[in-house]
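The domain 'Cytochrome b561 bacterial/Ni-hydrogenase' annotation in TrEMBL covers B:8-177. Taken from TrEMBL, the feature transmembrane segment applies to B:14-36, B:48-69, B:89-111, B:132-159.
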Amino acid sequence: MKFLARLVSLVLLLGAGAAQSAPRALIAANSHIDFSVKEMGVSVSGRFGHFDASIDLDPAKPEIAHAAITVDVASLSTGDRDADAIAVDKPWLAKLEFPKASFTSSAIKALGDNRYEVKGALTIRGKTHDITLPLTTSPQADGGLVASGSFTIRRSDYAIGGGEWNEGGVVADEVAVSFVLALGPAT
Amino acid sequence: MTTHSDGYSAPAKLGHWLIALLLIASYSIAWTMVDLRMSPTRLRLFNYHKWVGVTIFALAVLRLLWRLLQRPPPLPAAMPPWERQAAAIVHRLLYLLLFALPLSGWLMSSAKGFQTVYFGRWPIPDAIGKNAALGAALTSVHVALTWLLLALVATHVLAALKHQFVDRDAVLRRMLPRLPRRHSSEPS
């Protein structure tokens, strides 16, 4: 009997351990990463259709939370074929040379009220910069989480869209990025 | 000041010739921009074209209001009824297209996901959301209307020239800027 009780507690312990280390499943259909950039005051927006996210976030233990997101650059879509072709072409995101953009968190700080401050390294077009972004989670009935946030990057930091595209102030340097990541329950 | 009952009022003339100039600008920009590859210059010309279009639309609204308030000068008594009817139809269609062309351009821009932002500063709300298929359909409509307007303008110009050089009446002169008066009397 004592052996059985130990076995049960061991299984429970392993289960609890797994809840803290296994990332939550990304529900791709309900997740999206969007961006918008202004040309002469006109906001041109687009979306990345394919990306992977490995997010381990237990609201009770944010200090061990970790997030890694990898975006398929070629999955960009603005709804305009010409704009799409330009956006992934060499001066811009250069999909052939740099097929992936990524973000890896280095520290996640809980601010209370389901809000977090995430620090991490953002890599686009082979260039990496540390960024800080706000993250808000909304717990779902099934134990899942919807994590969302937005931040702004500068094209020039990542050498996105050089040459003629930086002349005459036609295209703004700032690019607004927003994301909604639907995550399954902690496993 | 002498009143010229046989000519259009100054605001009507101003509106007419401003729109004429803006139409020349709009068509010139449009025919240049559509052949350009995607580039900052192309984006710039598209925006200029859209700003000119918004301006034409606003002027057309003002002109229509003015026209409803201020009756145009009468046509020459010698004009046959079919010419009067033809003139009325062409003038109405011209007004209609001065509204329809900018509106179709605005809608096609919205559907294509490029909002119209007047002078890069004042966003004009999108009436419809981004929709590629609708954008392509509205582009066809916009292009068809540009040719229709061009045909109407050609008819309008030819008719004015016919009045001037064939009928030798005062119809064209009604819309021309009044020349500064000489010291003596002016021909009437």
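Each Cβ is built from the backbone N, Cα and C atoms, and glycine gets one as well.
Keep in mind that TrEMBL annotations are predicted by a computer and have not been checked by a curator.
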Mind pulling out the one from B:14-36, B:48-69, B:89-111 with the most Cβ pairs under 8 angstroms to the transmembrane segment (B:132-159)?
B:89-111
Per-residue pLDDT averaged over the domain 'Cytochrome b561 bacterial/Ni-hydrogenase' (B:8-177) comes to what?
96
